[in-house]
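Down below is the structure, laid out as structure tokens.
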């Protein structure tokens, strides 16, 4: 029971740390000025670390002191989390791009005029920017996050195989499935806490405690806002560190409750979970001295050939691979989609995922197992149930296409300065109304005009005066507001983008409801689908089949999916940010319609063909 409690906490901490990474994707992208594909590559480094040692740990881990190997894994995870947070403490304060020096003039009631016909003002700003650039540490500090994530992947490897094999070897046979169910139930709390923690951290400014927050001109709604992403990694690291301590005091082996347990192997768990009829496991043969001789390799090759030659297993593998590519890409950029499509903050996106998306999935997984047990489903019934539930979830997911929001109304980007919609390639950042202003075209410092239009900067809105400081700055005499054909009111503007329409807020509610229902149905068929894998291969090949399945999902889905999803999302960017060194930074404004069709479309295109393969799988199972 002590081991089970320790293992449950380690499961919780590894899921917590993993979710913190997912919830910090957008923050990391903005802080380091990265593209979505690069952030996707950083996210995939966890799988790379896992793959580096999984074969070694699975084979040799059981020969060592298993609790101490798990403790070493937890310490490594903690080290990975701390390494990921480290760049924050060496990079200096976050300098977001701004069109003026307002951030450094918090005590003034009036700052420099945004629209200035004098070139020398902007030349002095450029000189300041160049001096900042010389002092700026290398922009490649994100590599430490990649290495930390990889290290976390290495540390996580021994927890599941060695933990479950230890339980299986020293617990009563009938108790093992209950213990495993406890583990997975506790593990489900990890993502929930992770997203809620990510939500809290995203609300806090990245340099909280070190800068005067009154001088900060951006809010959490701004696409330049960076939350305290590093804080989540530190909390995740502390949790991993604490989870390692109990394993240091647990023995290598425990007193076995029954004599019959002497000849159990670590693969019995798979036998108990997957086999329709339980068979007594033969006693362990005495280990041979030469285990890496050619006969050993020959046996492995024969077993591998048998598994991949099994048409049912191979079609199941292909179908799962398409599903996993769709699922991992969708999950990685889900918070970002909610921000860009519906104008939600990173904090609110993470909070809603943790509170609305994960509980229905947990309930669905549990009910799927209950239904399977109650109706004593055989392999054909389980296949039919799994395919039906998954396809129903897929059809419901397609409704997302109809509950999107229109593009942000940004003058010179998505609409003309007169307010008319313009084609994507015909955007003109300059207009007659701001031709007298010497404005920088590469800066993103948006203001919202009283006419409901967002302008790229106060200078490009033609504003000549400003009052107030920090977030409360108000710009007046904005000539471009007067150029708007239908506007006759004030010519003032405030900091930040204009909010989305009420229709968009209503569509976001529909999006959340669709997400909850589709997630529940998808999870409902999850348990039967997982059990099918055990039942379509010979009993002695089950462990190899599961290992191969995990390996292929990680190599062909876990690593590449975030990268190519991110690369396609980058194609929909309308306005790239710029760093203090003048290099391209993170994307500030996306084409909402293109983003929706790329993100949802790619997910649907990957998942659709998997159901054709599933039908083929069902025919083979029936035969």
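Every residue gets a Cβ built from N, Cα and C, even glycine.
Per TrEMBL, domain 'Major facilitator superfamily (MFS) profile' is recorded for 1-623. Residues or ranges marked as domain 'Kazal-like' in TrEMBL: 427-482. Summarising the annotation, TrEMBL assigns transmembrane segment to 41-62, 69-90, 176-206, 226-250, 312-331, 351-372, 379-403, 508-532, 544-565, 598-621.
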### Task
Restricting to the domain 'Kazal-like' (427-482), report the mean pLDDT as a whole number.
83
### Query
Where else in the chain does the transmembrane segment (176-206) make close Cβ contacts, counting only residues six or more beyond its ends and a cut-off under 8 Å?
4, 7-9, 11-20, 22-24, 27, 31, 88, 94, 163-164, 167-168, 213, 216, 220, 225-232, 235-236, 268-269, 272-273, 345-351, 353-355, 358-359, 361-362, 365-366
### Query
So which of 351-372, 379-403, 544-565, 598-621 has the most C-beta pairs under 8 Å when paired with the transmembrane segment (312-331)?
598-621
### Query
Which sequence positions outside the transmembrane segment (598-621), separated from its termini by at least 6 residues, show Cβ-Cβ distances below 8 Å to it?
311-312, 315-316, 318-320, 322-323, 325-326, 329-330, 333, 337, 379-380, 383-384, 387, 390-391, 394, 397-398, 400-401, 532, 536, 565, 568-569, 571-572
### Query
For the domain 'Kazal-like' (427-482), what are the DSSP-based totals of helix, strand and coil residues?
10 helix, 11 strand, 35 coil
### Query
Which stretch, 226-250, 351-372, 508-532, 544-565, tops the Cβ pairs under 8 Å count with the transmembrane segment (379-403)?
508-532
